[in-house]
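K.L.:
Here's the feature list from TrEMBL:
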DOMAIN    60-158  domain 'Fibronectin type-III'
DOMAIN    143-372  domain 'B30.2/SPRY'
REGION    256-276  region 'Disordered'
COMPBIAS  261-270  compositional bias 'Basic and acidic residues'
Amino acid sequence: MKETEQPCFVLAAKQLHERIIRAIDSVQGFRSASCAPLPPIKLDVSRELKLLTELNFVRAPDAPVIDTQRTYAYDQIYLSWRLPQDSAPAWHYTIEYRKIDPKHKTLKLWQRREEVWSLSTILEGPDIDSVYVLRVRGYNKAGYGEYSEDIYLHTPPAPVLNFFLDSSCGFPRDRLVVSKDRRAVRSVPGVPMLFAAERLMSSCHISMELVLGDVAITQGRYYWECSVDPSSYVVKVGVGQESKLQELFQMPQDVVSPSRYDPDSGHDSGAEDATMDTSPSFCFLTIGMGKILQPHGATPTSRDPLGCTVPLPPRLGVCLDYEKGRVGFCDAVSHRSLWEGAVDCSGPVCPAFCFIGGGALQLQELVSIKHERRVTIGGFAKAE
């Protein structure tokens with residue numbers, strides 16, 4: 001009953017079993033000199049049975065469950081997981097990953113990262129526009145457990161652009177609030193929007209509130225992501241020439257006559273004849289109330305036969321090809337293309353976001369590396 005090592009217990013149990021069999025045979029064959037019958041013998045083994053049923057040997061960890069909500073590929077691959085509720089604990093984990101070869105439709109050899117002591121890890125330097133397969137398994141005194149289910153991650157189609165929201169571009173501070181880290185912005189409708197709603201049927205004018213990225217793009221291909229609050233009234237995400245955007249958005253727009261100006265087209269619709277051969281100076285995708293308004297020329301979807309809207313994804317991806325003068329918008333989770341438009345790249349362009357009414361937007365956080373400090377307690381390494 002005191003033996004806790006599984007192999008030693010099995011060996012001792014076998015020897016005990018053989019001795020018990022011999023003892024039973026000896027008792028059954030025993031006859032006293034007077035040949036008096038032995039009284040029946042009853043043995044209470046309830047305590048021993050209880051001890052046997054409560055034996056708990058060390059088990060290997062169960063297969064980890066990858067947290068798909070917190071796992072994503074951006075400038076680096078961030079992988080997060082957890083153990084099932086009834087799983088044996090794990091001392092550390094092993095991560096395996098490999099890239100799919102799209103040309104030959106084969107998988108490359110697994111690469112391995114040993115002894116990960118936390119429930120998440122970062123894989124640096126993934127190739128752009130590639131698909132990676134990842135899996136995790138735990139380890140403890142009993143050995144390695146089963147692998148988790150494979151997860152497939154698609155890396156961005158272009159190098160990631162790191163930028164912050166420009167707090168000096170002249171936006172109205174009473175209606176646009178930028179976070180301290182300059183990675184999020186919130187629009188507060190305020191009194192002007194109330195007055196506009198009061199005069200909505202009497203040819204009022206409402207200005208879109210504009211905030212820009214603090215970078216100027218002059219060459220190459222770049223990619224960035226953002227999350228738009230589904231309850232936002234109207235938010236526009238895109239790129240454009242800073243001077244043109246400042247000039248345009250400082251002028252009030254007539255909401256009663258929307259045909260006069262189409263922000264998604266990038267130019268005044270009344271001047272189409274004059275600008276037919278030139279690309280617009282900016283390009284936006286319109287988002288509102290949890291939906292994306294598909295611009296003219298977009299392919300209708302099965303979810304929306306009229307081709308008007310598609311559901312807003314959790315993260316929106318924007319990819320700018322400066323040399324080609326094209327801007328692509330996609331679902332950043334599935335990398336499904338939403339729409340692609342043209343933009344004039346004869347000069348520097350920058351990321352741009354504008355609001356009508358209340359709304360909020362968050363730039364995708366860059367994956368940061370947290371260096372763990374390891375200490376040794378009782379001969380076991382522990383990460384802090």
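Glycine too: its Cβ is placed from the backbone N, Cα and C atoms.
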K.L.:
Any idea what the model's mean pLDDT is for the domain 'Fibronectin type-III' (60-158)?
P.N.:
91
K.L.:
Please work out the helix, strand and coil residue numbers for the domain 'Fibronectin type-III' (60-158) from the DSSP assignment.
P.N.:
0 helix, 48 strand, 51 coil
